[in-house]
Amino acid sequence: MESTGGPYLNTAAVTAPVGIARLLQMTFGCTTFSLVAHQGGFSAAYGTFCMFVWTFCFAITVFILTCEFTRLHSCLSISWGNFTAAFAMLATLMSVTAAVIYPLYFVQLGCYPIGCEVRDFRIAASVFAGLLFVAYAAEVFLTRAKPGQVASYMATVSGLLKIVQAFVACIIFGALVNDSEYGKYVAMQWCVAVYSFCFVVTVVVVAFSVTGKTALPWFPFERSVVIYTFGAVLLYVSAAVIWPVFCFDSKYGSPRRPGLCAKGKCPWDSQLVIAIFTYVNLLLYVVDLAYSQRIRFVSHL
């Protein structure tokens, strides 16, 4: 029988610039975790995180490329453009984190005590981890919304910033649970509530976009996102003022790092990380607010 619906396989999925970037992602990702698993080795939570990043990103990239090549993504009840744009940004952030952490904790110039072969494998894995980050960043660059172009929300600056905001919030949460002593004052607990609320709502916005539920007739999603972003700016402003005061003011905390504080287990270090990334997320929400007023949501791409 003759097909009237065109070719079943989409060759552009592997020949277009975005497709080539995804093929490179698969290659670099597989090479990286294979080198580490075969001889490089990993240990502790840092190494486990890196291996999770590489295997997770590889698996999702294979899934995306397979769906694009076979056109099966048209059978999925999600906004494919929003899904791929959101994953590309998330994978970029995760891969750059792993590309920094792995060599920082596992690579050394000398051969002792791990041996020269293990050292060489770890150096090679670090190089391919860096190339993996470049490949994912290239996809974000290629698929981002251009001025005047009709694109998925997650491909716009505002949509990409949502992923970065959630990622930064995860860093804040990691520092919070690392003995940050946030329970000492109610004001510090307010800051934790701010981080948690903004993270949850940001994830909900991403989830609605990926599932294509932004065009519900009974819910002004576009306006709600702008209002939420404005509220998040105000909440983060309060946290940006309160957290440093109750951590680094001499009346409540310590302006300087205590001399007897153990490295890696010092509450002051965690408080400093939280303060820095609070300001980072505040800046991200301010930029997001500026961009979110100038875009239109597209849920069906």
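Including glycine, each Cβ sits where the backbone N, Cα and C put it.
Sequence annotations record features per position, and here TrEMBL assigns domain 'MARVEL' to 13-148, 153-297. Taken from TrEMBL, the feature transmembrane segment applies to 44-66, 78-101, 121-142, 154-175, 187-212, 224-246, 272-291.
Mean model confidence of the domain 'MARVEL' (13-148) amounts to 94 (pLDDT, 0 to 100 scale).
Taking residue pairs at least 6 apart in sequence, the transmembrane segment (78-101) and the transmembrane segment (187-212) share three or more C-beta contacts under 8 angstroms. Stretch with the largest number of CB pairs closer than 8 A to the transmembrane segment (272-291), among 78-101, 121-142, 154-175, 224-246: 154-175. When the stretches 78-101, 154-175, 224-246 are ranked by Cβ pairs under 8 Å to the transmembrane segment (121-142), first place goes to 78-101.
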